[in-house]
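So that you can see what the record holds, here are the features copied from TrEMBL:
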- Glu302: active site, proton acceptor (ACT_SITE)
- His301, His305, Glu324: Zn(2+) binding site (BINDING)
- 20-194: domain 'Aminopeptidase N-like N-terminal' (DOMAIN)
- 229-445: domain 'Peptidase M1 membrane alanine aminopeptidase' (DOMAIN)
- 525-843: domain 'ERAP1-like C-terminal' (DOMAIN)
- Tyr386: site 'Transition state stabilizer' (SITE)
Amino acid sequence: MADSPAQFRGQARLPRFAAPLRYDLRIRPDLAACNFSGAAAVAVAVSAPTRFLVLNAAELDVDRASIRFQANVTQFEEDEILVIGFDRELPVGEGVLTMDFTGTLNDQMRGFYRSKYVCNGESRNMAVTQFEAADARRCFPCWDDPAFKAKFKLTLEVPSDLVALSNMPVVKETISGPIKTVYYEESPLMSTYLVAIVVGLFDYIESSTSEGTKVRVYTQVGKTNQGKFALDVAVKSLDLYKDYFATPYPLPKLDMIAIPDFAAGAMENYGLVTYRETALLYDELLSSASNKQQVAITVAHELAHQWFGNLVTMEWWTHLWLNEGFASWVSYLAVDSLFPEWNNWTQFLDETTSGLRLDALAESHPIEVEINHASEIDAIFDSISYDKGASVIRMLQSYLGAERFQKALASYIKKYAYSNAKTEDLWAVLEKESGEPVKDLMTTWTKQQGYPVICAKLNGHDLELEQAQFLSDGSSGTGMWIVPITSCCGSYDAQKKFLLKDKTDKIHIKEFTASQSSDGDKNIWIKLNIDQTGFYRVKYDDELAAGLVNAIKAKKLSLMDKIGIVEDSYALSVARKQTLTSLLRLLNAYHDESDYTVLSHVTSVCLSISKISVDATPDLNKDIKQLLINLLQPAAIKLGWDPKDGESHLDVMLRSLLLIALVRLGHNETINEGVRRFHIFLEDRKTSLLPPDTRKAAYLAVMRTVSTSNRSGYDALLKIYREAAEPQEKSRVLGSLSSSPDKDIVLEALNFMFTDEVRNQDSYYILGGISLEGREVAWTWLKTNWDHVLKTWKSSSLISDFINSIVSPFTSEEKAAEVSEFFACRIKPSFQRALNQSLERVRISARWIESIRSEPSLGQAVQGLLQGTA
């Protein structure tokens, strides 16, 4: 065996000749000096003779003298490893490795970090951990790889007036003057990324599950009433999952806590789940209906992880989707059971849409992705792992049937509890339980990127199908899938299901035609991919497409199918497989739609068309906007600005959606009314004229009227921001500030991000709101401030937000080349994927514009639709 510690450099994973069994950790954070000290005693099992122990450590000072044996310690900061070399071979068997270490409580929202909060008017620090994916090594030296599961016994030394939480319940506390020592129960076997510590001043409320598990929500002092809704969802979700997975919740307690500075939405640490405040807190008076839904879905997602992720853990980050795709899918199952009136499975198509859009890029990646360095992991916490992952699970569940699927999942959880699993392990269990070819079917969806578009055309009595990989740039990829096809004709009563295994196939219409429709019926329609359970798109020939437009007008289709048709048609238009003219005609069929779930997709398509037409057909832009306003206005007029007694949760969400869309489309009446109500709200914050649900629309309306010479609206919004105590209200304001058509105001909003008044985690609200008119100034700003951005927002997911938000809205090849050139010598692996995807989006828009300009009858069609004659 080579003798140099350097032999362990440049490896994706740690060597397997030694593994931890149990960590005994003692950690003392100093919240004033922003550092910490610690001591570790790790029981290690050596399975093959070795002179070295290799573990992870980053940004830690390890006291070499504290290692009990005579050893040489080498730290490779770049590889984030610590190599301990001994004079002689370690015998096979168990031993204990001890060491002392110190580190910094950083401000990067990863590892062991500090978060600022205000208590009784005074600013204080709390200490928080965020270890996923590979940052436990920033708190203590460890085998920081999900496959190295071990037991953890923690002891914390903290100021005696503070609350100190970890994964397990407290066994005892001893107080010595200003410091108390808190001892925690030993944990079951778990991965390092799930260890958690939070130290600060908190209040809590508590409840219990039907099994007696104690559940608490911790908040900043005085905010516990905002934790009630999440607590209720948590208790009910734990009861539901216990039955669904046929396995009890594995720990003695569950704490959930809101953290002011938090990079992600939430983190499923075993028994101590951490959240951004907006994802956990809900206030009846101050939060909107969409906030409420967000809290429910996030809580249900994190608690699903307690089984899927924490009890059974992916073997390596390649299988991250097993964690995230499943938690996303199952959270909808839970929320649908708790709030059936939210129509949650129809809203699930938001996830599917987002997965389909990203996966249509050549710069996408397979669900299962090779990870060769810790720095690459963060980039795959994206729409593929979460949304495509969840969508292919829904597709599989729909193919196998809900009952068989649930039974198989319960077997999988039992078989791999307290250990690790790979994607193939799940397929093997599902295949055994169902008798279906799950592995062959699903491998085509997880090991290759992309998905197919199924082209359907009618040839006499045969429906001919052909699959090809769908790409937004209009090219055809080489992928082939085993596709679960579902179809119906004229009604949902008779459905045909089969697997399309080849490039082409055909079905005789008689096989799935409901008996009551005759061949001569001109209202016949055929719909493939019923309720959008499959992760693919469908392109219909003209005859079939016309039949579906009639079916939409005649209200024959399910909500999910109405969504699928508009999303597929939009995607085909972007890819230049269908004209914008035909997309506008299709949209026109939705003019008397009143359902939130359908209209949320229709408005999103309308806003995309409005944006592209600014660059593609400036002379038609006004008319196209008017056409889209006419489409959305009937539903908006019906709902008005004011809430009505007894209206549904979805109508409350729809009002907000439509008003925001009309403001963005430049509808003057809506903008004027928003401004009018805003001025009343400025005088009286409790006015019923601007409840939380319509505030964002009013804020955006105000910003449409703001300019350098008339900036009172901007200053008024800043005042609201500064006076708001709730993060949800602050985020509404931040999401509006950069939406002014005035470039100088956009610049001011971007610079506001650099002040202490905006937490780093909230930058994406401002970035996401940048007006079309502000594109150029935002890009110049990013170039000027790039080094500062890189230094301040080290977390790659946040850096990616800057690139996505500022680069993607451009629509010319020249701009793509300019951006490419700027980043040529500045690229880093952590944001390479985000940059490539953003540049691809710019080039796709440029091609779409060319295609729109070459449509001969677009202007005529727009006029016809405006006059109601098309």
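Using N, Cα and C of the backbone, Cβ positions are placed for all residues, glycine too.
Take the mean position of the Cβ atoms of His301, His305, Glu324, the recorded Zn(2+) site; other residues of that chain with a Cβ within 8 Å of it are Glu268, Glu302, Ala304, Phe308, Gly309, Asn323, Phe326, Ala327, Ser328, Ser331, Tyr386. Recorded residues His305 (Zn(2+) binding site) and Tyr386 (site 'Transition state stabilizer') have their alpha carbons 13 Å apart, per Cα-Cα distance.
Fewest other C-beta atoms within 10 Å: among the recorded positions Glu302, Glu324, that description fits Glu324. Taking the binding-site residues His301, His305 in turn, the residue surrounded by the fewest other Cβ atoms inside 10 Å of its Cβ turns out to be His305. Between the C-alpha atoms of His301 (Zn(2+) binding site) and Tyr386 (site 'Transition state stabilizer'), the distance comes to 11 Å. Long-range C-beta contacts of Tyr386 (site 'Transition state stabilizer'), restricted to its own chain and to partners at least six residues apart, with a cutoff below 8 Å, comprise Trp321, Glu324, Gly325, Ser328, Glu351, Gly355.
As a whole-number mean, the pLDDT of the domain 'Aminopeptidase N-like N-terminal' (20-194) in this prediction is 94.
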